[in-house]
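Summarising the annotation, Swiss-Prot assigns region 'Carboxyphosphate synthetic domain' to 1-401 and lists sequence analysis as the type of evidence. Residues annotated as ATP 1 binding site in Swiss-Prot: 129, 169, 175, 176, 208, 210, 215, 241, 242, 243, 284, 298. The domain 'ATP-grasp 1' annotation in Swiss-Prot covers 133-327, and the record cites sequence analysis as its basis. Annotated Mn(2+) 1 binding site per Swiss-Prot: 284, 298, in sequence order, evidence recorded as sequence analysis. Feature annotation from Swiss-Prot assigns Mg(2+) 1 binding site to 284, 298; the stated evidence is sequence analysis. Marked as Mg(2+) 2 binding site by Swiss-Prot: 298, 300. Per Swiss-Prot, Mn(2+) 2 binding site is recorded for 298, 300. The region 'Oligomerization domain' annotation in Swiss-Prot covers 402-546. Annotation comment: Swiss-Prot describes 671-867 as domain 'ATP-grasp 2', evidence class sequence analysis. Feature annotation from Swiss-Prot assigns ATP 2 binding site to 707, 746, 748, 752, 777, 778, 779, 780, 820, 838. Summarising the annotation, Swiss-Prot assigns Mn(2+) 3 binding site to 820, 838 and lists sequence analysis as the type of evidence. Look at Swiss-Prot and you will find 820, 838 tagged as Mg(2+) 3 binding site. Annotation source Swiss-Prot lists Mn(2+) 4 binding site at 838, 840, citing sequence analysis. The Mg(2+) 4 binding site annotation in Swiss-Prot covers 838, 840. Look at Swiss-Prot and you will find 936-1068 tagged as domain 'MGS-like'.
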């Protein structure tokens, strides 16, 4: 069928902020879809609340709305734009839920708007657990015994009928949110209670556990003419019981027989056809390893996390094809963009193995529950390609950027046998390393299979890696052993450790022996058809398929896996840098390891190398490509950390030079530069031992801010208020040493703000100044930022411009620079002073936001500067650009509901996973939008629980008066209530945790657990009891989905919004 000509304007719904379970893969999918629809001649309207995405750039859609994805705002856009159709299947769970909500509201029918792609009835059959079970029963497709429940009592009855263990799956939630495995009634009651609250339809499926079965995924594609195909098959390393987003995954499937594959393929095709899917669809199945019994676990009737992985694994652009199917085209009418010669109905063939490993946030959250189950916890993932499982697995391990380049983790190697056994029984993020260590200690593959239910085939591959280790030990300096190790994915540093040499020694030996990688093309057809895809992976074979271009080229290093502190913002900057490189006439080469991102779409760059971002792997590409230089400014700390080794190896680093990058990171060097330039900074010092840290803190006076150097996202940063706290920090959080110093600063309590600037070595452009709502002490990535500044005096703004210009020149910046300031009173003079907190001579996470609100594509301008142009050449004047008339607010978004035991209190260590943006004519309206977009819905009335420290009580009293004035009922613990009462404000009392007696006042936890309040304001204290109580309060509020504020500044911002939305009622 030809494309539909009765449609002209199409609305695409994005997926909103990055959350655990819904990450950058939807920016990749949405960008592909918008461009595909524009390619077909349609006018595309986009709504998304995430400014850090490529899809919200002005040139991706014809009209871009960065607005909350809520019924209120999407309805308003629909009424204003009157599109002919909506595509909801490219925005993840957010898009599907929005489509369902819109349909129930009747607005699409009222306006005559059609839902494109998979129909709403099919979405409901796949997403509604009861309807899905009924459909599978009708098809004769086996599903685990299950019942849908809407109350805890119903769940208990079902549990008694089906028997334990059970799996709880809440309806219409993301990444298994609220679900889990239950071994007894107590666990069932707890998990179902949470799941019902988090399900937007208050519904859970209670399902017979099939933990231990193989988990298989089929990524499917179907068009309106019923052409149905398998794009990719994937097999989880972990058996059923671990969420697929938290499992190591291989593509294609590795352990299925032809009979098993055909059986599951037929089942997937039948399901997709019966549902009437039009576009992409993911089918998850469980297979009994000892029989042909299988069960259908679930179907995702949309582009998903697995779709992005399948796209990058095969080269087949699923979202692009799905978008074209949505407007009527069929698979035999859509040309495969990879080969350019075949049609999209040909199923991709792989002559390589793909490995995906999740990237978890537990390096940031040491206190988190690291056990894996049916609720996803990973923030991102890496992918690696190789000719064997061993090669792709080891390449993926070193892509994780966790300080490990092989199957050896020191903390696991040091575990006692009993603890290691415990970790083998209960899957954790370090399971792969635990399995390896168990084999090292003499456990057999069969024993481990019986204990973990992981297939013997995969365990054999791990054992084979250890056999190669032993051969290397037995044959030091043997070129044949070296060749075998490299073919199976061993890194130079791993081999060097085994041989007792340096990585350089190994590198020289293998190059001298002709042991160098070749690069193979990803072409979707295993070489069967001619292809010229510029998408490559390395392996150790004979024929090289990547040829050096004759044009001058530049290599851009990506930012690797998404994790807290280094998210999609850096991929945004990478993509824009590539655009500028191409516009300047160079060939742009990208190297990255993240399958979720736009940067690893092979159509973005002239060449894509899907490789680990390590010195060895980067040098291998440089040896082949001989680029004119490497750009490291847009790949976050990942790329910055590679600048020094690459420069030492003679590689030209373009832009700001390594010595100046180091000077910004090195505390003493940076201090001396600021002193030389006459720029104030917080008094502080550098400690290379615990004793030095105590001495510096004693001299400065508490509180102090302590942090390691060379980190991103405020990792291991803390505000310390006493010597006892500092002792605990030095013991638990960091290990100070001469080469890893700890920085100790006086904590300055004031207004925090930041700038992103571009410098050509002489002139400095400052697109904008951002002002934080939360005062200093909350990490900038966790603070709400406002542009233009609202509380800043002109004198302070002028001083910031002056300091930024001085510092950019002082650091000899060529490219981009981020500087963070705190405006506070000088302790000695009492004068308002602008202090520099830190300077980062690289792109920051605010670049996408500031680029969008100022209209300056900062990464593109900075790249042109890096390549040798000046601001004057580009027609840009130095100094601060005029402020916009509209107010723009950027707000962090958190995933605490997915991370049990992680404290939601905000401080100097970053915890947010994503961001949203709101723009309007007033601050109050912009704030309202970001609160709605962040799912912190602003109530019009209700009860607010306030529990704060003694030093925060005076400020909290003033805030409480404002809430009281607009009609909110207030409740607090005894101490807070007494203080408020003395200040003339009566509030209800809730007992502190553990102090209530039978018949006494309700406790704080009871109040929260019965949803007896509509918001919680909890400011943490330093006493041990207060810390424990505060954690329990915050954890319960998160579990109940109650808006939680741990900063009075954020609470004051939401109060300001509420005040703007109500009429005052005062007696005369």
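Glycine is treated like the rest: Cβ placed from N, Cα and C.
Looking at residue 748 (ATP 2 binding site) and residue 838 (Mn(2+) 3 binding site), their Cα atoms lie 13 Å from each other. When pLDDT values are averaged over the domain 'MGS-like' (936-1068), the model yields 84.
Note: the Cα of residue 208 (ATP 1 binding site) and the Cα of residue 820 (ATP 2 binding site) are spaced 53 Å from each other. Across the structure, residue 300 (Mg(2+) 2 binding site) and residue 284 (ATP 1 binding site) are spaced 8 Å apart at their Cα atoms. Residues within less than 8 Å, Cβ to Cβ, of residue 215 (ATP 1 binding site) and separated from it by at least 6 positions along the same chain comprise 235, 236, 238, 239, 240, 242, 244, 247, 284, 285, 286, 297. When the CA atoms are compared, the binding-site residues lying within 10 A of residue 129 (ATP 1 binding site) are 298, out of the candidates 298, 779, 838, 840. Residue 838 (Mn(2+) 3 binding site) and residue 298 (Mn(2+) 1 binding site) are 48 Å apart (CA-CA, integer value). Comparing residue 779 (ATP 2 binding site) with residue 840 (Mn(2+) 4 binding site), their Cα atoms are 15 Å apart once rounded.
Put simply, 820 is the one of the binding-site residues 707, 777, 820 whose Cα lies nearest to the Cα of residue 838 (Mn(2+) 3 binding site). Mapped onto DSSP helix, strand and coil, the domain 'MGS-like' (936-1068) counts 60 helix, 19 strand, 54 coil. Taking Cβ-Cβ distances under 8 Å and a sequence separation of 6 or more, the neighbours of residue 820 (ATP 2 binding site) in its chain are 752, 753, 754, 780, 836, 837, 838, 839. Sequence-distant contacts (6 or more apart, same chain, Cβ under 8 Å) of residue 777 (ATP 2 binding site) comprise 705, 719, 747, 749, 907, 908. Broken down by DSSP into helix, strand and coil, the region 'Oligomerization domain' (402-546) contains 77 helix, 11 strand, 57 coil. For residue 779 (ATP 2 binding site), the count of additional Cβ atoms within 10 Å of its Cβ stands at 23 [all protein chains shown]. A straight line from the CA of residue 707 (ATP 2 binding site) to the CA of residue 840 (Mn(2+) 4 binding site) spans 15 Å.
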